[in-house]
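Take a look at the structure set out below.
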Amino acid sequence: KISWTPLLVLGYLFYLLLGAMVFQLLEKQAETHFRDQFQLEKLKFLQNYTCLDRQALEQFVQVLMEAWEKGVNPEGNSTNPSNWDFSNSFFFAGTVVTTIGYGNLSPSTVAGQIFCVFYALFGVPLNLAFLNQLGKGLNAHLLTLERWVQKPGRAQVQLAIFLTTGTLLFLVFPPLVFSYVEGWSYGEGFYFTFITLSTIGFGDYVVGTNPNKHYIPVYRSLTAIWIVFGLAWLALVFNVGADLMERYLQLKWHKSDLSLAEGATTKLEDEPEQPRIHIPS
């Protein structure tokens, strides 16, 4: 029996290479355009304000970048809400234990960094245990529905209802809320929703960070709660998809093994039987 693992490894590497080529094709030209545009804007700024030199401008840009890395939005003024009030801190704690890690906010003090390490060390396994238990509850709910229906052929219908309901609650309706509150387009809201629930967390879109908008205090806390339950649902969907893909690959690989074995058996049957030499004892 030949292992199908090499096929999975090759497919995984091919998928990564394909993604790298497509992302490079789609994004590299836009990046070059934005970089050239930024350099042009700096030249225009120096021409309009002749009292500044290039070195002073570069130092100010560095200050802006450091402020952004520390979680301070350069837009607005000092009246912007704190990134470390309770609601935002609760949201940040959720991004730590769920391993989303947007990257737009991080501890800047040594004590905060050390605490973050130990907090994640115990919080990530706790979060995985919680999501696992929540996933078991969802599975038990599906089994209860299956027993309640008690008719053959309804398992696919139940799975479709489960996927449709979860898609509406966690992927379709939330972007409408985020689009209304944040001023994003629906496509941007959907992009943020999926990138968040899949724990990819690029950090290019984060809720509650626009200094020109007034958010209710519990907005980010409610978003963190939505993330937790959305993670459990999407993790279950990913597990089902991974299981189906694994079974499909195993089935295809085993079929090829069986065909090779049948071909070898047929070949042996077609060959004439060779005379046997009898050696007397």
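Including glycine, each Cβ sits where the backbone N, Cα and C put it.
The shown structure was predicted, so the numbers you read here are calculated from the model rather than taken from an experiment.
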Tell me which of 46-65, 86-105 corresponds to the transmembrane segment entry in TrEMBL.
86-105
In terms of Cβ proximity under 8 Å, which residues at least six beyond the ends of the transmembrane segment (86-105) contact it?
68, 71, 116, 119-120, 123-124, 126-127, 196, 199-203, 206, 208-209, 217-221, 223-224, 227-228, 231
Just to be sure I understand, if DSSP states are collapsed into helix, strand and coil, how many residues of the domain 'Potassium channel' (79-136) fall in each?
39 helix, 0 strand, 19 coil
Decide whether the stretches the transmembrane segment (157-177) and the transmembrane segment (111-131) have at least 3 CB pairs under 8 angstroms, with pairs required to be 6 or more apart in sequence.
no
